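The structure appears right after this line, and notes come after that.
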Amino acid sequence: MAESLYDIRFRENVEKRILCHMQLSSAQVEQLRQAIEELYYFEFVVDDLPIRGFVGYMEESGFLPHSHKIGLWTHLDFHLEFHGDRIIFANVSVRDVKPHSLDGLRSDEFLGLTHTYSVHWSETSVERRSDRRRGDDGGFFPRTLEIHWLSIINSMVLVFLLVGFVAVILMRVLRNDLARYNLDEETSSGGSSDDFDQGDNGWKIIHTDVFRFPPYRGLLCAVLGVGAQFLALGTGIIVMALLGMFNVHRHGAINSAAILLYALTCCISGYVSSHFYRQIGGERWVWNIILTTSLFSVPFFLTWSVVNSVHWANGSTQALPATTILLLLTVWLLVGFPLTVIGGIFGKNNASPFDAPCRTKNIAREIPPQPWYKSTVIHMTVGGFLPFSAISVELYYIFATVWGREQYTLYGILFFVFAILLSVGACISIALTYFQLSGEDYRWWWRSVLSVGSTGLFIFLYSVFYYARRSNMSGAVQTVEFFGYSLLTGYVFFLMLGTISFFSSLKFIRYIYVNLKMD
């Protein structure tokens, strides 16, 4: 905050007093035009009362011919109300003022401006500021609640469509499939199961391969473990925010809570990863725990090292000192890593054998050629775009809070959108898995993780769009920090949604094959 040139004295009216004279070059005018187009505003404080107004005026009209006018407000009318010796209300107005045009300036021409202002005092019967109610109070910033509700309605429609789609699959298509398969098997009791397989197609024919364990099972289990950890971490952060544990004016509060919760939830990643790894026949459980604890911490440390090094090189205050770095490493070594090991030991000891409803043959079945619309790329595109579309509007407000000057306080809506995101991910995963199995392709393990996990890629692509079209960032420091942490954000969403997608598909596959009669 700095003291302005405006001289306002209590109960002293002023009419068109000159504030200053200015001479602006064409480059300065162009800079001013850009600020007006991006809706820059000023803020004054009069006796702890905020006064806000836009720097200039912009008007666009017509299609053919298109007109684009930009003007600068060079006169401000201050309206203040008082009761006794206290100011009750303060406002600034340009209602009766014409803006100074900034159009049509030549490159070698200077623009002369004279800034003026008026002050109008009036007495009011209101004794306290809190008793004053007017429709324009606090109305300078656009109210974003309506847009949030629009986002939720859009997401809810998507959820209802997907849930209905999955319900149709489960209730109509699957019921018909099960009835036909079971009837065919009863009427063909004289033939062998191999003869039955040769006369049928679809998801039933691959029942001896659908539970064949995938390659890189250790990496798959590590992804599921860390994804489960971030599900718990994200839910915990939002619930803490709902309980009012974060002050919006303390920007580091959520970061500190996230670091602490990450260290405490490491036991979840160790337990889930080791438990499932032992279920699917994994033997190198020590290596699995090391992979689990490194899957996020190593990329995070490498990204953070690059970002912090750029901050140090440019003398930025965002660079963390060596003491803070040592403190964070100590928290991870003394809390995070030991809890991962403890969770892994509990998960290994409590793991029961993988209870597959179908017997898996030793020789894998040949997979028929698949049409282009059942390829991994198409499934990733569809499975990533639909969950992203459910959160795209809310994502803008989160980016504007993290990288801009906005303050996010609607945590109830955020929790609702988070639940919608998980629901959409689970539903689209079940639908895509059913289509894949119907094509006699039993390689669903990694496909289910990649299909909905690709939402993280869409989030990173959105961050590129936000950087280019919605932010004013430039330079090495801002660029490296933005894209470094955006990459990590997309990676976290990949792990989290990939885990939801996998366990939804696993539950669905168990359900349809348990209800199938087999020899």
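Using the three backbone atoms N, Cα and C, a Cβ is placed for every residue, glycine included.
Keep in mind that TrEMBL annotations are predicted by a computer and have not been checked by a curator.
The feature transmembrane segment is assigned by TrEMBL to 149-171, 219-246, 252-273, 285-307, 319-346, 377-399, 411-432, 444-468, 488-509.
Taking Cβ pairs closer than 8 Å, the transmembrane segment (488-509) reaches residues 210-211, 223-224, 226-228, 230-231, 234, 295-296, 299-300, 303, 383, 387, 421-422, 425-430, 433-434, 437, 444-445, 448-457, 459-460, 463 in its own chain, all 6 or more past its ends. Note on the transmembrane segment (252-273): residues 221-222, 224-226, 228-229, 232-233, 236-237, 240-241, 245-246, 288-289, 292-293, 328, 331-332, 335-337, 339-347 of its chain, located 6 or more positions outside it, place their CB under 8 angstroms from a CB of the stretch. Cβ atoms under 8 Å from those of the transmembrane segment (219-246) belong to residues 253-254, 257-258, 261-262, 265-266, 268-274, 276-277, 280, 282, 288, 291-292, 295-296, 411-412, 414-415, 418, 422, 445-446, 449, 492, 495-500, 502-503 of the same chain, restricted to positions at least 6 beyond its ends. Comparing 319-346, 377-399, 411-432 for CB pairs under 8 angstroms to the transmembrane segment (149-171), the maximum falls on 411-432. With a threshold of 8 Å between CB atoms, the same-chain residues lying at least 6 positions outside the transmembrane segment (377-399) that come near it are 144, 147-148, 150-151, 154-155, 158-159, 162, 406, 408, 410, 413-414, 417, 420-421, 424-425, 428-429, 432, 436, 447, 450-459, 462-463, 466, 470, 497, 501.
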